[in-house]
Amino acid sequence: MSRAYEQILNGEPLTAADAEAAVTDMMEGKLDYERMAALLAIMQYRGETAEEVTGFARGMINKAATMTIPYPVLDTCGTGGDGSGTYNISTASAILLSSMGIAVAKHGNRSVSSKTGSADVLDHLGIPFQATEEETLQRLRDYHLSFFFAPVYHQAMKHVAPVRQKLQHKTIFNLLGPLTNPGGAQRRIIGVYSNGAAEKMAAAALNLGIERALFVTGEDGMDEVTVQGVTNMVEVRGNRIDKFAFHPEDAGLTTMDASAAKADNAEMSARMIVDTFEGNGTDAATGLLLLNAGAALYVNGNVETIAQGVDKSRAYLGEPVMKHLKRLQSKEEVSVKQ
């Protein structure tokens, strides 16, 4: 680790191989707290490279408890750290998509750099985590939705977690969660806090062999498809990376302020999700859900355009998604506690 540490201190970028070795040392507890904090802070300050993101992601995947899912699955995940304070849109989108019969392997955690994490909201919604591979596969078969609680599958991260909590700002690990799905999801919609980070993650996704992914960043800084204006999108498809801009009007919606979609805590976020599912959500909360679920349907190959995805998603609000939510809540399983 001394070589990689010295390179970082000298402002030199790491190769993917050196980055993989560095994160492996971190996860094996070979680097003390102070050095780990310094390394992460310096990398974040100067900007992580695509090669470094690739290497760190490979190292995490190699140390993770992964599983093989015998059919295609989708992940809706985000980097967090955008500071927008909106409700948990990617979690709401995962539930809505699964109500359509789309298999969603949602990767998430408790809050690290945002107000609420997906795990916090699922607690308040009464949706259990899965404790074993058998439960995970059964849940996917029965309900088309399973939640990969990151600390269970990435137990080697126990050495890094305290440093992330103490730093209280974005690090390279914000970029890694969406790239290290334990179920190996080949289709992903990933919200990213900046255009630069999205481009690095897209390059890393290509290096990691992810089949199709859509990285989305609102020009307002939101790590979602935003209702407040333009969303910049970076799409990985096969061996290509394409960039394009998307407006709410492209899907038949109007540009609007998103302040009515803010949630101060997990309980408020869960309540906003239920209100939106019932058809009683604010225009902003509903628009955000429809745009992000619609984009997920697009990247998953269920529709040809995001606009078509928005129309399909709208049809599942109300009774269809509420019936599905009640089924998700009623299943008795062992919840995984942190």
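The backbone N, Cα and C atoms fix where each Cβ goes, glycine too.
Just so you know, TrEMBL annotations never went through curation; they're auto-generated.
Taken from TrEMBL as is:
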type: DOMAIN; residues: 6-64; note: domain 'Glycosyl transferase family 3 N-terminal'
type: DOMAIN; residues: 72-317; note: domain 'Glycosyl transferase family 3'
type: BINDING; residues: G78, N109; note: anthranilate 1 binding site
type: BINDING; residues: G78, 81-82, T86, 88-91, 106-114, S118; note: 5-phospho-alpha-D-ribose 1-diphosphate binding site
type: BINDING; residues: S90, E224; note: Mg(2+) 1 binding site
type: BINDING; residues: R164; note: anthranilate 2 binding site
type: BINDING; residues: D223, E224; note: Mg(2+) 2 binding site
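Within the same chain, residues at least 6 positions away in sequence whose Cβ sits under 8 Å from that of H107 (5-phospho-alpha-D-ribose 1-diphosphate binding site) are D75, C77, F148, A150, G177, P178, T180, N181, P182, G183, A185. Note on proximity: of the binding-site residues G78, R164, E224, the one nearest T86 (5-phospho-alpha-D-ribose 1-diphosphate binding site) is E224, by Cα distance. In this structure, D223 (Mg(2+) 2 binding site) belongs to neither helix nor strand by DSSP; it is coil. In terms of DSSP helix, strand and coil, the domain 'Glycosyl transferase family 3 N-terminal' (6-64) has 44 helix, 0 strand, 15 coil. In this structure the alpha carbons, written CA, of S90 (5-phospho-alpha-D-ribose 1-diphosphate binding site) and D223 (Mg(2+) 2 binding site) are 10 Å apart. Fewest Cβ neighbours within 10 Å among the binding-site residues D223, E224: that distinction goes to E224. Look at the binding-site residues G78, S90, R164 and count other Cβ atoms within 10 Å of each Cβ; R164 has the fewest. G78 (anthranilate 1 binding site) and R164 (anthranilate 2 binding site) are 17 Å apart (CA-CA, integer value). Within 10 Å of the Cβ of T86 (5-phospho-alpha-D-ribose 1-diphosphate binding site) there are 25 other Cβ atoms, across all protein chains. A distance of 7 Å separates the Cα atom of D223 (Mg(2+) 2 binding site) from that of G78 (anthranilate 1 binding site). Between the CA atoms of G78 (anthranilate 1 binding site) and E224 (Mg(2+) 1 binding site) there is a gap of 8 Å, rounded to the nearest whole number.
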